[in-house]
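Asks: This is the structure I have questions about; it appears just below.
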There are 2 protein chains.
Amino acid sequence: MPDAPQSLRLTTPLPLDSGGELAAPTIAYETYGELNADRSNAILICHALTGDQYVASTHPITGKPGWWARMVGPGKPIDTDRFHVICANVIGSCLGSTGPASVAPDGQPYALRFPVITVRDMVRALVGLLDGLGIERLYCAIGGSMGGMQALSLAANWPERAARFLLIATTARHSAQNIAFHEVGRQAIMADPRWNGGDYYAGEAPDAGLAVARMAAHITYLSEDGLTEKFGRRLQDRPDGTQGAKSFGFDADFQIESYLRYQGNGFTKRFDANSYLYITRAMDYFDLADEHGGRLTDAFAGTTARFCVVSFDSDWLYPTSESRHMVQALNAAGAPVSFVELSAPFGHDSFLLDVPALDRVVKGFLE
Amino acid sequence: MPDAPQSLRLTTPLPLDSGGELAAPTIAYETYGELNADRSNAILICHALTGDQYVASTHPITGKPGWWARMVGPGKPIDTDRFHVICANVIGSCLGSTGPASVAPDGQPYALRFPVITVRDMVRALVGLLDGLGIERLYCAIGGSMGGMQALSLAANWPERAARFLLIATTARHSAQNIAFHEVGRQAIMADPRWNGGDYYAGEAPDAGLAVARMAAHITYLSEDGLTEKFGRRLQDRPDGTQGAKSFGFDADFQIESYLRYQGNGFTKRFDANSYLYITRAMDYFDLADEHGGRLTDAFAGTTARFCVVSFDSDWLYPTSESRHMVQALNAAGAPVSFVELSAPFGHDSFLLDVPALDRVVKGFLE
């Protein structure tokens, strides 16, 4: 189904919110399904913090199916028999688009010389990609979590580029608690001596710090009830075969400990620690109202698109109250918006998992 | 008000739940107020994870007032004009009681040779202290958070040792999410090369890892609303005097970032990283029902004490549902128990902070 790895190099410098610019960044992307003759069936899917462009194709490092393969494909809710789906790696990331691990014009990796970017900068690069692909107006822009922030930023700053916006498990601003969890992750990375001020590409990467950052973040993606149901206080079998007994040591006794260590270690194989710093920073800076004079409604002034907002009742990272805040602003701006809070046990990660009600909402909104 | 630093060395080995024992451990404690002639006015206050015996006296390292000075003292809710208050450092900790930083019989610090302990082991040591002080039966045992776990363990295993138990912001078992956050902290410490398998007392301590552990834990002590109210998305002034502007770098831009870094760094000055490993492990192992055949009610069979359980509506670490679970078990055991959920904005930390309603509950229960 997927084409060969694709990328597009922007031919002009990308201006950044910091005041700087990024010279001719590369945007790596994947597409699925055919673009129709009048170029009216394109859907842009924006990925989350640690996501990538492999939305419905095998990940080149892990060999796992695409992160939203259950949602995107022939006959699926985002039907590639009908739509041309585009998903691009955000700038600052590490799966082909220009980021801190990329080689700078001087032949060395950028590392911390890479400019701090914002969600709007990511979207500016995506708009450059759409320009390069000759797509004037999307049928829909879709995103969950940080992907939703990108879709929101597109709606606010380039409202003519999409007819529909589907915003899932997201927020128009990062809360103090959101920032706090990200800061713990950044400090864990920076505390790792191998991080070395970001300059580690010639040696060993700060995997220990990055794993801790991932573990802390991973807890916030799951609900307490979901953790209790999945793991509870169950002990794992000991290496010597003993079942369900405490070790009275510091090995992983509880299944939840083992699971978290696995998540942390696995993550380091596919992600760059500096990218984690840059992307979390971009998310923490995200405050759509602040970008538009302080009133969120003003971010959507004059929009002609349709909106759909979805939250999950067990998501404590971006809770339903944040979605309601967006919906109220969209209503006040006169935008047609539908809103649904879905019941699902998986916490924030619900948008990635088996929630049939989400499938129906997505399919319905794209009709 | 406080006496000089006091400690008592147990004259017999302390048996441990792991099957091992601790030879003649030292218990460091503080007392406040006079013990009356018939020794009937003693109150034991049990401290939380990173607490200590300096409940109402100046901390010897930080120079700050005692951690519950607002609650304990002449004329205060725990009135030292009336009660003899005892607060001891738990074994495994690092403020004078025997722990991993203590010198083992071979003249070297225990480090990871210190046995893994449980909450019941901590309480067994406290009972040894009460024996040494000649206190047969406490007027009340009081604890918040891990202190509440100790009070619960005393009620379950040595029910004759107190006439009243006051359990604040606590739980009868650690949930999967509780364990997960602790595991992140332990992994942060162990990821620090200076941790060196626990063997760092001759050199530099793993302060970077311990600070990250503290930061992650600290977020769980506060409520999201409290964080929003206290910090929101407010930026701090830059070192160059610029007010409220993003740095587009990785310094602490947001006040919440600066606050967390301060909390993390400050903590390393007063706490031992190995103690953090041991005490979090003890808390994760805590499951009072499991210790008593699986039914929490059976833990309280035949108790003749009075109980008071207090939770806070903004505490998401040990939410009200956990307190209700305890209260139901106490009711089923026929124990007289009063229960109140207090409204306070400070999350789990509410038990330490200015919540006048808690003062009234504590004072009332001790009448």
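Note: Cβ is positioned from N, Cα and C throughout, glycine not excepted.
Automatic prediction, not curation, is the source of TrEMBL annotations.
Sequence annotations record features per position, and here TrEMBL assigns domain 'AB hydrolase-1' to B:41-353. What TrEMBL lists as active site, nucleophile is B:Ser145. Among the features that TrEMBL reports, substrate binding site is placed at B:Arg214, B:Asp349. Marked as active site by TrEMBL: B:Asp315, B:His348.
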Asks: Through the lens of DSSP with three states only, how would you label B:Asp315 (active site)?
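Replies: Reduced to three states, the DSSP call for B:Asp315 (active site) is coil.
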Asks: Among the recorded positions B:Asp315, B:Asp349, which residue has the fewest other Cβ atoms within 10 Å of its own Cβ?
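Replies: With the recorded positions B:Asp315, B:Asp349, fewest surrounding Cβ atoms within 10 Å: B:Asp349.
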Asks: Here are some recorded positions: B:Ser145, B:Arg214. Which one has the most Cβ atoms within 10 Å of its Cβ?
Replies: B:Ser145
Asks: Give me the CA-CA distance between B:Ser145 (active site, nucleophile) and B:His348 (active site), in Å, as a whole number.
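Replies: Cα-Cα, rounded: 8 Å.
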Asks: Which ones are near B:Asp315 (active site): of the recorded positions B:Arg214, B:His348, B:Asp349, which have a Cα within 10 Å?
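Replies: Final answer, ordered: B:His348, B:Asp349.
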Asks: Please report the three-state DSSP label of B:Ser145 (active site, nucleophile).
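Replies: It is coil.
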Asks: Long-range same-chain neighbours of B:His348 (active site), Cβ under 8 Å, sequence gap at least 6?
Replies: B:Ser145, B:Ala169, B:Thr220, B:Tyr221, B:Leu222, B:Phe312, B:Asp315, B:Trp316, B:Leu317, B:Tyr318
Asks: On the three-state reduction of DSSP, what should I expect for B:His348 (active site)?
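Replies: Going by the DSSP assignment, B:His348 (active site) falls within a helical segment, counted as helix.
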